[in-house]
Amino acid sequence: MTEDKITGTLIFAVFTAALSSFQFGYDIGVINAPQEIIISHYRHVLGIPLDDRKATNNYAVNSTEALPTVTYPANLVPAGEEAMASAGLITMLWSLSVSSFAVGGMIASFFGGWLGDKLGRIKALMVANILSLAGALLMGFSKLGPSHILIIAGRSISGLYCGLISGLVPMYIGEIAPTTLRGALGTFHQLAIVTGILISQIVGLEFILGNHDLWHILLGLSAVRALLQFLLLFFCPESPRYLYITLEEEAKAKQSLKRLRGSDDVTKDINEMKKEKEEASSEQKVSIIQLFTDSSYRQPIIVSLMLHAAQQFSGINGIFYYSTSIFQTAGISKPVYATIGVGAINLVFTVFSVLLVEKAGRRSLFLIGMSGMFFCTIFMSLGLVLLDKFAWMSYVSMTAIFLFVSFFEIGPGPIPWFMVAEFFSQGPRPTALALAAFSNWFCNFLVALCFQYIADFCGPYVFFLFAGVVLAFIVFTFFKVPETKGKSFEEIAAEFRKKSGSAPRPKAAVEMEFLGASETA
């Protein structure tokens, strides 16, 4: 236990890799703050009259640029159907500006593991940064051209980047971390994501960058991070697991390990990798189909996909996307600051989970987090349903939101990302991580696409629906997810065998039936 110490090189490598995750969070949060400003800019560029005089005044007051005077003859001002068509066009362009990011992520998530194996983890992150830079520049210059096209293209390319790194970063961190610190360091991916969300909310405030003059800088700011990370990656050691198992270069792997461990004695790590390599040589590369057809992978991959689905379908993104309007409903005069409060709580509790994850264990934290979220969704719903009868219920909803986010960051937020890396040995790991990342993006996309419609349909009862979903995932986790704390990949595989293989046939059939029910939930 004592030999797994934290070294400067290890912290530097984890920090550098986590800059990618920071970008992921920044891109999730950055588009929310300047929504009204970007929409009014789209209208302006497309020559669609602004909704009302107030919006025009806003543009004029907040912008130092001379606003071209566009006069609309009475017969050309859109009315009736035309007005609805132009409003529909703007809504569609805005939806694309937000969701093109998730589409890019979904596509690229399949290639993160492949790129990591082809080029090595470090070079793959360097190549991915080219996408990040391209996306940031397109958005940064969007004010000078057809902004809607440039923003949608820039968001799609940023999505491609974030899709690649959502597999690469957990894989790299999981491979360079000592066994006893794997969990704590694994949570840095999520910690960096929530830091990115919080920073994007703060710099998106109107008096910083979220105004008519500077919104394009807000969107293009990530170019600075891309260049910084590109330079820092030159000083990061390559993953010793990649060097030893994939490239079969033991000398280089030892050199990398010595830098990471700050010690000349790396026998323990080499022995663990040797064991893994022997298994990997019999496993070879594993395709997506094999993950589901091979009985030794089936259970871990289903659990991996379910953990990521649980993270997204828990309702957390519904809260992030619409927290401002929920706070508005609750009668807060400056809801944007309450939303930043949610971001800050998000960050604090992610730090808390970094400290807890090696002590309490992954499975227990996931269960505690999900159980807390279950009760919060019920109180949130009650608060929204009874708001008309009791004004003080708004405080119940708000408290439930803050607690919900806290519980999310204790377990379901960070844990799925690195647990998947722990479930699989070297052969199937890249494919499994890519598939898990795809599942996460796909569920994220579904929530982003459908939440508004579901919220409109269910009204204040929407979070009761999420309570049901969370409960189903709690039951699934309790019966199906093994504890991985401090265990080698071999021991974790044995846990899975114990959970599935030793069960008598009828019970296995019931379990598979239950799996189907959970997946439809």
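Numbering starts at 1 and runs along the chain as displayed.
Glycine is treated like the rest: Cβ placed from N, Cα and C.
Taken from TrEMBL, the feature transmembrane segment covers 7-26 (among others). Using a Cβ-Cβ cut-off under 8 Å and counting only residues 6 or more beyond its ends in the same chain, the transmembrane segment (7-26) has close neighbours at 125, 128, 132, 158, 161-162, 165-166, 168-169, 172-173, 176-177, 185, 188-200, 221-222, 225-226, 228-229, 232-233, 235-237, 259-262.
Residues or ranges marked as domain 'Major facilitator superfamily (MFS) profile' in TrEMBL: 13-485.
Proximity of distant same-chain residues to the transmembrane segment (92-112), defined by a Cβ-Cβ separation under 8 Å and at least 6 residues beyond the stretch ends, is recorded for 27-28, 31, 35, 38-39, 42, 124, 148, 151-152, 155-168, 171, 430, 433-435, 437-438, 440-442, 444-445, 448-449. Per TrEMBL, the feature transmembrane segment maps to 92-112 (among others).
As annotated by TrEMBL, transmembrane segment applies to 124-142 (among others). Here the transmembrane segment (124-142) has Cβ contacts under 8 Å with residues 17, 20, 23, 112, 115-116, 118, 150-151, 153-161, 164-165, 168-169, 172, 216-217, 219-223, 225-227, 229-230, 233 of the same chain, all six or more residues outside its ends.
Remote same-chain residues near the transmembrane segment (148-173) are listed as 13-14, 17-18, 20-21, 23-24, 27, 31, 38, 42, 45-46, 93, 96-98, 100-113, 115-116, 121-122, 124-125, 128-129, 131-132, 134-139, 141-142, 185-186, 188-189, 219, 222, 239, 417-418, 420-421, 429-430, 433-434, 436-437, 440-441 (criterion: CB distance under 8 Å, separation of at least six residues from the stretch ends). Here TrEMBL flags 148-173 (among others) as transmembrane segment.
Look at TrEMBL and you will find 185-208 (among others) tagged as transmembrane segment.
Among the features that TrEMBL reports, transmembrane segment is placed at 214-235 (among others).
The annotation transmembrane segment is assigned in TrEMBL to 301-324 (among others).
Here TrEMBL flags 336-357 (among others) as transmembrane segment.
Sequence-distant contacts of the transmembrane segment (364-386) (same chain, at least 6 residues past either end, Cβ-Cβ under 8 Å): 307, 310, 314-315, 326, 329-330, 353, 356-357, 393-401, 403-404, 406-413, 415, 460-464, 466-467, 470-471, 473-474, 477-478, 481, 483. According to TrEMBL, the transmembrane segment annotation covers 364-386 (among others).
Annotation comment: TrEMBL describes 392-411 (among others) as transmembrane segment. Away from its own ends, the transmembrane segment (392-411) comes close to residues 190, 194, 314-316, 319, 323, 326-327, 329-332, 338, 341-342, 345-346, 348-350, 352-353, 356, 365-373, 376-377, 379-380, 382-384, 386 of its chain (Cβ-Cβ under 8 Å, at least six residues beyond either end).
Feature annotation from TrEMBL assigns transmembrane segment to 432-455 (among others).
As annotated by TrEMBL, transmembrane segment applies to 461-479 (among others).
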Per Cβ pairs under 8 Å, the stretch of 185-208, 301-324, 336-357 packing most closely against the transmembrane segment (214-235): 185-208
Top partner of the transmembrane segment (185-208) among 301-324, 336-357, 432-455 - counted as Cβ pairs under 8 Å: 336-357
Folded-back contacts onto the transmembrane segment (336-357), same chain, C-beta under 8 angstroms, at least six residues removed: 29, 33, 183-184, 186-188, 190-191, 194-195, 197-198, 201-202, 205, 319-320, 323-324, 327, 365, 398, 401-402, 405-411, 413-415, 485
Chain residues outside the transmembrane segment (301-324) and at least six past its termini with a C-beta under 8 angstroms from it: 28-29, 32, 197, 291-292, 335-336, 338-339, 342, 366, 370, 373, 377, 401, 404-405, 408, 412-413, 415-416, 419-420, 423, 432, 435-437, 439-440, 443-444, 446-448, 451-452, 455, 462-463, 466, 469-470, 473, 476-477, 480-481, 496, 515, 518-519, 521
Residues from the same chain, set at least six apart from the ends of the transmembrane segment (432-455), whose C-beta lies under 8 A from its own: 98-99, 102-103, 105-106, 109-114, 163, 166-167, 170-171, 286, 288, 291, 297, 300-301, 304-305, 307-309, 311-313, 317-318, 321-322, 416, 420-421, 423-424, 462, 465
